[in-house]
Amino acid sequence: MKRSQFWDHVVLVLGALFMLVPVVYALMTSSHDAVSIYKDGLQLSPGGHFVDTYKQVLTEAGGFTKSVTGLTMLWNSLVLGLGFAFGKIIISMLAAYAIVYFRFPLGTFFFWIIFSTLLLPLEVRILPSYEIVQGLGMANTYSGLIIPLIASATGTFYFRQFFKSVPDELVEAARIDGAGPLKFFIDILVPLSKTMIAAIFIIMFVFGWNQYLWPTLITTDESLFTLVRGMKQILQVWIGAQIPDTNQAMALAVLAMLPPVLIVVIFQSWFVKGLVESEK
Amino acid sequence: MKRVQFSHPLMPYMLLLPQLAIVGVFFLWPAAEAIRASFYLEDPFGFGSTFVGLDNFKDVVSASEYSRTAWFTLIFSAAVTFFSLSIALLLAVKADNVIKGASTYRTLLMWVYAIAPPVAGLVGVMLFDQHIGPLNDLAHALGWNMQIGVNYFDTAFAMTVIAVWKQIPINFIFFLSGLQSVPKSVQEAAAVDCRSSSRRFWTVTFPLLAPTSFFLLIINITYALFDTFGIIDLVLKGEPGNNPVTLVYKVFLDGFRGNDLGGSSAQSVILMILVFALTVVQFRMIERRVHYS
């Protein structure tokens, strides 16, 4: 028993290192100066320029994207992540409530319309989506960035599954007490869904923050770039430079991964529960 | 559906309205538009379009570049799916086994889930860089003259490694939760009957993981097809040249760079059919699982 456990640990440590080392390289390299990275390659030990580099990428326009600071990009990422998560939760909770708790003409029809969105990811209808959103004058706006992403019914699907597991007796009791559908929703169903809402919020925030293709198409104005959206520009400017500012590129990559990673690690149990439960 | 339901003349429609409006404008309309455009030849200067029937599809399928891209996509998807699933399964089995530090390992192996594919792509490109990348140095030390962005195979290799790295955590999470839901009594009974732990795994535990594995298989194929876009875009640095691209990347290239609307739409429709088939298979599988459990 002891011996087999030893090899288990060896495999797990190797696995953990495989996941960890690339990010350690990114973090450590961002604390060196550009010239020494150019000479010696990526770094695995801390250097003395941590504060300078991060101050520079956060506050100075120029460097990578030429017209925006890292702080602006961080803000845009936050708007996209939060806007997407809140928008998705509100809209999908309302829709799932209607689908599960009401009997009405065309109910089944609407249900299938909404769930048809699960069949086709944004990537396969990207060109017409872009043209329509641009035609509506929503290119280079936060709403054009966020709302089309909400069209997929994943959230509605999760909430529908959850609402179906809520005992019927609660509705009966509420009806006997004279509570209408609105009161039941606000006073009973929403408080009951708290954990579910938190789990979905985490998943959706990470999903929104990490969006790449859609922001790449719909925001051409650099003041609306998110960090993730800016990755390619960062790389392209980096290629063009005489002595590439690898430290700054890595610093922006670290900033782009930090918030979602922190949220996932801190709220790990909720997040894992939400992820696994929602697929049942 | 619920046994007990509310009935109200207007409320359900009002609750559904926001979602239906968004689905209508940002999903149904573009999807219909993609299907329509695939049958038309669009004038690149915007002077209308002519109906050409299936010509766009014929052109797409007969182009040698398309079959090259399709083959690459197939091999790339198979490699990403196979390696990320098997590495994750190995790690999940070990993490389920150990007593000490189980939760630490779990955190260390799942946190990469939160990193966006293009961010993984950027870090990966730097690690494989010809001047400063340690992985490139390692390849050279092993006698492999690695040239990412120049050599077709080397570029494909880098894409695959980054895509596998990014996908291991989600597979790990699902495998581990699948393993943890195998009843203790089943494990103990198996341990009494059979002393070889690897045989126990393949004959008892692995079949119990089948639903999880199948679900993950679909998820991974979908990931390799679509979500790797950011990784590929960063590895290619926006300059595809003669490098490998996936089918989804080609839709983007032809539509936005090449201005070939009809061809790009026809490719979209082909992908739609593919995804549709995958999703139907997935749903049937979920239904079946619900019936048996």
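A Cβ is built for glycine as well, from the same backbone N, Cα and C atoms used for every other residue.
Automated prediction, rather than curation, is the source of TrEMBL annotations.
According to TrEMBL, the feature domain 'ABC transmembrane type-1' maps to B:70-282.
Annotation source TrEMBL lists transmembrane segment at B:70-93 (among others).
TrEMBL lists B:105-128 (among others) with the feature transmembrane segment.
The annotation transmembrane segment is assigned in TrEMBL to B:148-165 (among others).
Residues or ranges marked as transmembrane segment by TrEMBL: B:204-226 (among others). Tertiary neighbourhood of the transmembrane segment (B:204-226): same-chain residues 73, 76-77, 80-81, 84-85, 89, 93, 163, 167, 170-171, 174-175, 177-179, 182, 186-187, 190, 194, 246-248, 271, 274-275, 278-279, 281-282, 285-286, 289, selected by CB-CB distance under 8 Å and a gap of 6+ residues from either end.
Look at TrEMBL and you will find B:266-286 (among others) tagged as transmembrane segment. Remote same-chain residues near the transmembrane segment (B:266-286) are listed as 31, 34-35, 38, 56-57, 59-60, 66, 211, 214-215, 218, 221-222, 225, 247-248, 250-251, 254 (criterion: CB distance under 8 Å, separation of at least six residues from the stretch ends).
Only residues 6 or more beyond the boundaries of the transmembrane segment (B:148-165), in the same chain, are considered here, and those with a CB under 8 A from a CB of the stretch are 72, 76, 79-80, 83-84, 87, 112, 117, 120-121, 124-125, 128-130, 136, 223-224, 228, 231-232, 235-237, 239, 241-244.
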